[in-house]
Amino acid sequence: MVESSSSLPPLCEKISYKNYFLRAVDLTILGLLFSLLLHRYRILLVKQSDNVWVVAFLCESFFTFVWLLITCIKWSPAEYKSYPDRLDERVHDLPSVDMFLTTADPVREPPILVVNTVLSLLAVNYPANKLACYVSDDGCSPLTYFSLKEASKFAKIWVPFCKKNNVRVRAPFRYFLNHPAATESSEFSKDWDMVKWEYEKLCRKVEDVTGDSHLLDADDDFKAFSNAKRNDHSTIVKVVWENKAGVGDKEEVPHFVYISREKRPNYLHNYKAGAMNFLVRVSGLMTNAPYMLNVDCDMYVNEADVVRQAMCIFLQNSILNSKSCAFVQFPQDFYDSNADELTVLQSYVGRGIAGIQGPTYAGSGCFHTRRVMYGISLDDLGDDGSLSSVATRNLAREFGNSKEMVTSVVNALQRKPNPQHSSLTDSLEAAQEVGHCHYENQTSWGKTIGWLYGSTTEDVHTGLGIHSRGWTSSYISPDPPAFLGAMPPGGPEAMVQQRRWAAGMLEILFNKRSPLIGTFFRKLRFRQSLAYLYILTWGLRSIPELFYCLLPAYCLLHNTALFPKGVYLGIIVTLVGIHCLYTLWEFMSLGFSVQSWFISQSFWRIKSTCSWLFSILDIILQFLGISENVFIVTKKTMPETRSESGSRKSQQEGDFPNQDCGKFEFDGSLYFLPGTFIVLVTLAALVGCSVGPQRLSHSHRGNSSGMAEACGCVLVVVLFLPFLKGMFEKGKYGIPLSTLSKAAFLAVLFVVFSFGKLV
């Protein structure tokens, strides 16, 4: 029950930001870009045969289009501020929440990392009888299951300790970095030592089993894993811990369930989206909470009141009789310094999108409404939030042939709890049934219900589907951050992740749920469609970025002008200067350093010209039916840190310098071929200019001295500085000889082509 008296303070409020100065800067940059295009177009009318200028005009047109999208997105930023301390006086019976965590590979996603995230979820400040934690293991690993069983035992110590002492950081591997303060009581210090010793014992057990998995063979609880292979095994559902007390005492530990859906060779399992839908079905059968939280296995809870903060949004909407909020998204923050660019992007572009129809679904740190995930739209709801008869038809056909599942869906849609079972184990048989490979055949799972299929970026795809049905979403960015994780370091892992993201975005752009269609034929707001268009076209930017990086070198080698003297050159210099100062201010206003800004600018050029480029190839091959886009699990790590961070700034930058910060890792993959090629070509052009300086001052065609093109080449080399350093480094920070050889061969061809054109 929610107290709806208007005399009580609100549970949350929407904060809108209007910075007219930033709007003016955005419009100034946009005006300069249009002036640049107009000036180049006028010259093109005279020089119709100049292919270099045609390419430059097309690239600059694309950059102008992207900045137009950014200006529209950032025009009216907003976010929500919640007041969880007011929740108890307004709400007499808090709603239940099912918490989902997915993992798929015990090697790339270490079980001890999963354990820490699970422990942080189990220990949140919320009644334990209102919570249930479900872990999906797509790797069907007995090691992961063993780790979770041991974690459930430690949770009986950890959860009461956290709630008794109001511990803020509830992931043990972060909490135990610092010793208790000298002012703490002897009782607390004794408890702290005991809990830490138990955690270290847990870690040793996991390490021992990791080194020798045969230790599990004697346990009958692991028989289900005996003949299981990662891609060939039956459904496994195990209740790791059941909270039978169910009164919400601080000593209680929430329900804890392990699941692994059936997998068979040559059967499409739809990657993470398929695992999430299995989580929805199993949780619907067992606890059927009206709200669902999903987190990645490395994104631990950093703010113990995070569930209460999200409930403030949903319950305030209930008080105001507003049913339009489908999900509440928290930003993805990180405890290392590899994600400064993403943090800035979320702070400015993310808040801008939040001020339109709501933030996009980011795949982790998001609270969903179960009814919305079951495919209903705003038109299906009456004024009181009840469903019309249209929304409850053909449930067996849409949700599958499990009678228990259909009953659970009806209860969820009508906002009724499931009938009380004597135990969660009563639902095990039905849970096994909904995990079969064939269960989703001829149903609406992945089409209009649950997490949507058809893209390796299932988060953006699902969020777009929700917004296209008319729903809104809310954005909360608390300080300290609600969730913290780790980003892969700059190198092969980051390239794989960026390629997967870009390819997944392009899959959505060209399918039937494209935002271009959603605006005209669905209920996606126009500016929201522009926001999705900005995100989904990331992969397409690789082509103009690649060409624009090569144009200055080509023009020097070809002895032609890219930046002629006069007004055009002035526009270019002004545009670059304003953009650099603007982006630098964005970074520094969030507490980041100039070095962080430079590294982020460099990595943006690298990922756009290297990683995103291969996403276009992936989509072309997929459309031709030659290959399918594959979901590759990003390797997760637990980097050592020496200080527990408190504020957002310290968590982003770290209190201690990292000697490897800003260094780029290389391997022999093709991801690093374009960047190496760009650097070699640009260096060749600069060397050619230095050897023959008369070409700069006397022979350059196109009303230009060539100095502007040379400066452009220097800027390119600076932006690709990690590749220049990599040519002289060894080990993982050095570019392999095979990549250098291939890039050198391509660079020679490019130089010959450029001089050949000149001759």
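Even glycines carry a Cβ here, placed using N, Cα and C.
Unlike curated records, TrEMBL annotations are generated automatically.
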Segment assigned the feature transmembrane segment in TrEMBL (from 295-315, 736-756): 736-756
Best-contacting stretch, by C-beta pairs under 8 Å, relative to the transmembrane segment (736-756) and drawn from 51-70, 531-554, 612-633, 670-693, 705-724: 670-693
Residues from the same chain, set at least six apart from the ends of the transmembrane segment (670-693), whose C-beta lies under 8 A from its own: 492, 495-496, 499, 546, 549-550, 552-554, 556-557, 606, 609-611, 613-614, 706, 710, 713-714, 716-717, 720, 723-724, 726-727, 735, 739-740, 742-744, 746-747, 750-751
Tertiary contacts of the transmembrane segment (20-39) (same chain, 6+ residues out, Cβ under 8 Å): 57, 60-61, 63-64, 67-68, 70-71, 74-75, 567-568, 571-572, 574-575, 578-579, 582
